[in-house]
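Per Swiss-Prot, the features are as follows:
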type	residues	note
REGION	110-319	region 'TRIAD supradomain'
ZN_FING	114-172	zinc finger
BINDING	CYS114, CYS117, CYS136, CYS139	Zn(2+) 1 binding site
BINDING	CYS131, HIS133, CYS162, CYS172	Zn(2+) 2 binding site
ZN_FING	191-253	zinc finger
BINDING	CYS240, CYS243, HIS248, CYS253	Zn(2+) 3 binding site
ZN_FING	267-297	zinc finger
BINDING	CYS267, CYS270, CYS286, CYS289	Zn(2+) 4 binding site
Amino acid sequence: MDNNSVIGSEVDAEADESYVNAALEDGQTGKKSVQRNYATVLTEEDIRALMEIDVQSVSDFTSLSKAEATLLLSHLRWNVDCICKQWSAGAQSVRDSVGLLELDPPSDDNEYFCGACGESHPHKNLASVSCGHRICTRCWTSHINKIISEKPAAEWNLWLKCPVRVGLHASCPASVGLDTIERFASKREKFNYNQYLLRSYVDNRETMKWHPIQGSRCAIDLSPGSGNASVSCHRLVRFCWNCREDAHSPVDCKTAAKWLLENAVPCPKCKLRIPRNQDNSLKMKCLPCNYVFCWFCHVDWIEDMEGTGGDLHFCTFDAVLSDQRGKMSESDSNRYEDCYENWDSNELLMQKEQANLPKLDTIIQELSNTQLENVSQLKFILEAGLQIIECRRVLEWTYVYGYYLREDEVGKQNLLKDTQERLKKFVENLKHCLETNLQPFRYEEEPSKDFNAFRIKLTELTSLTRNHYENVVKDVENGLASVVSEGEASGSGRNQ
């Protein structure tokens, strides 16, 4: 192997610090880095505004009412371009396919019979959709309630039709639109129907997905070709766009799933993924919610122990795991322990930094008062904290990538170690500036002449760290392709 093709894994701390300082002096923070994600966080209000734009566009193009345009969009997957093309090719065909009939309006007699119950009602108590069949208020209310309460939301477009029977077994094909729902449905039913429209809009957009965290009511709109698939919402929770699990870049979904299957388990109560106990015991405790359960069968540990005399849990998985560990060679075992220790420690450090974010918000409020700065001008402090969290997350998963490298990929292993050490040094420098250099300004009673210099330094350190972090992600995602060696094949990893 050519020694010049591999960067040594032993990193001198002083050299790294000099590297960071030199980068700051040379203005490397302005260098172009890898492409970042362009993800937009959308609240329900934002989504409804986008829906309204599409509804208005279709309404203008087809000369349909907004309620009819909404019906058209919900039936045809909210694809405005496709609807316009189909409408131009044959409007009547499109109308028939979604149940928008084009018939003469009924006469305005004072009395008329309901087409559903057959009873006579004043004209003002009757209403019809595009078919013209008059239906009384009671029948509309009952019909809408039955469909929305009994049928799956995915089938509402199939069942929300005029209730009049036009034959022995056929019902009227005319669809019920939003205007009829708004007039006759209960408050709860209106809410459910509007939520259905909201969900169908997001579910039919290729670049849009709901945030997977429980309780989140926002969606993420990801611009095409925006780099790796790790995105976050306004709650600063990152997830993978492709598999909707916790963010795991720079490793792919398959590798992350394999590692998590063997080394982490979701808490049955709060769903947070918990790393495996380092002593390999089955008794797991979720610290956020204090739930105690079995690693393998997910049974509540306390309930399972009733009548057994304490922590006596018999689980066949324990024997299987011990057998698997026994089959590992000593070198494989050492590689695993080293990887798991670094993966777990970076996960814990990341969680610690996340827990520290509210403190940064408090500090920003304090500095806004003492340094006479707007809160928006102090967001560089929060950005530094968030960058540290992101670096810890990426470091965590680079160790998983390293574990699955083949044993003969020595060049990649050495380059990865060097890259990890450099990124850790960037994080340490940024963290030192954020925590140590920031502290004196918290106790100032009046604006400090040195605060602007601190702002410049922290901002540049954050930018420099971000650039290095993004290049680490890019390099690992590309399989450390910069390592060229005749002795190494181009395979993606070991034990795949």
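Quick reminder: no glycine exception, Cβ is built from N, Cα and C everywhere.
Note that the coordinates shown come from a computational prediction; the quantities given were computed from them, not determined experimentally.
Here the features listed in Swiss-Prot are painted onto the structure.
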residue	record	DSSP class
CYS114	Zn(2+) 1 binding site	coil
CYS131	Zn(2+) 2 binding site	coil
CYS139	Zn(2+) 1 binding site	helix
CYS162	Zn(2+) 2 binding site	coil
CYS172	Zn(2+) 2 binding site	coil
CYS243	Zn(2+) 3 binding site	coil
HIS248	Zn(2+) 3 binding site	coil
CYS253	Zn(2+) 3 binding site	helix
CYS286	Zn(2+) 4 binding site	strand
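Residues GLY115, ALA116, GLY118, GLU119, HIS121, LEU126, ILE135, THR137, ARG138, TRP140 surround the recorded Zn(2+) 1 site, their Cβ atoms falling within 8 Å of the Cβ centroid of CYS114, CYS117, CYS136, CYS139, which are themselves excluded. Distance noted between the C-alpha atoms of CYS253 (Zn(2+) 3 binding site) and CYS114 (Zn(2+) 1 binding site) is 57 Å. Within 8 Å of the centroid of the Cβ atoms of CYS131, HIS133, CYS162, CYS172, where the record puts Zn(2+) 2, the same chain has further Cβ atoms from LEU101, GLY115, SER128, VAL129, SER130, GLY132, ILE135, LYS161, PRO163, VAL164, VAL166, SER171, PRO173, ALA174. Nearest neighbour of CYS267 (Zn(2+) 4 binding site) by Cα distance, taken over the binding-site residues CYS139, CYS172, CYS243: CYS243. The Cα of HIS248 (Zn(2+) 3 binding site) lies closest to that of CYS289, out of the binding-site residues CYS114, CYS117, CYS162, CYS172, CYS289. Confidence in the zinc finger (267-297), given as mean pLDDT, stands at 77.
For the binding-site residues CYS136, CYS139, CYS162, CYS240, CYS289, the greatest number of Cβ atoms within 10 Å around a candidate Cβ is found at CYS162. For HIS248 (Zn(2+) 3 binding site), other Cβ atoms within 10 Å of its Cβ number 26.
The Zn(2+) 4 site, placed at the center of the C-beta atoms of CYS267, CYS270, CYS286, CYS289, has further neighbours from the same chain whose C-beta lies within 8 angstroms: PRO268, LYS269, LYS271, LEU272, ILE274, LEU287, PRO288, ASN290, TYR291. Taking Cβ-Cβ distances under 8 Å and a sequence gap of 6 or more within the same chain, the neighbours of CYS114 (Zn(2+) 1 binding site) are SER120, HIS121, LEU126, ARG134, ILE135, CYS136, CYS139. Closest to CYS270 (Zn(2+) 4 binding site) by Cα-Cα distance, out of the binding-site residues CYS117, HIS133, CYS162, CYS243, is CYS243. Around the Cβ of CYS267 (Zn(2+) 4 binding site), 20 further Cβ atoms fall within 10 Å across all displayed protein chains. Fewest Cβ neighbours within 10 Å among the binding-site residues CYS243, CYS286: this applies to CYS243. For CYS286 (Zn(2+) 4 binding site), the nearest of the binding-site residues by C-alpha distance turns out to be CYS162; the candidates were CYS131, HIS133, CYS162, CYS172.
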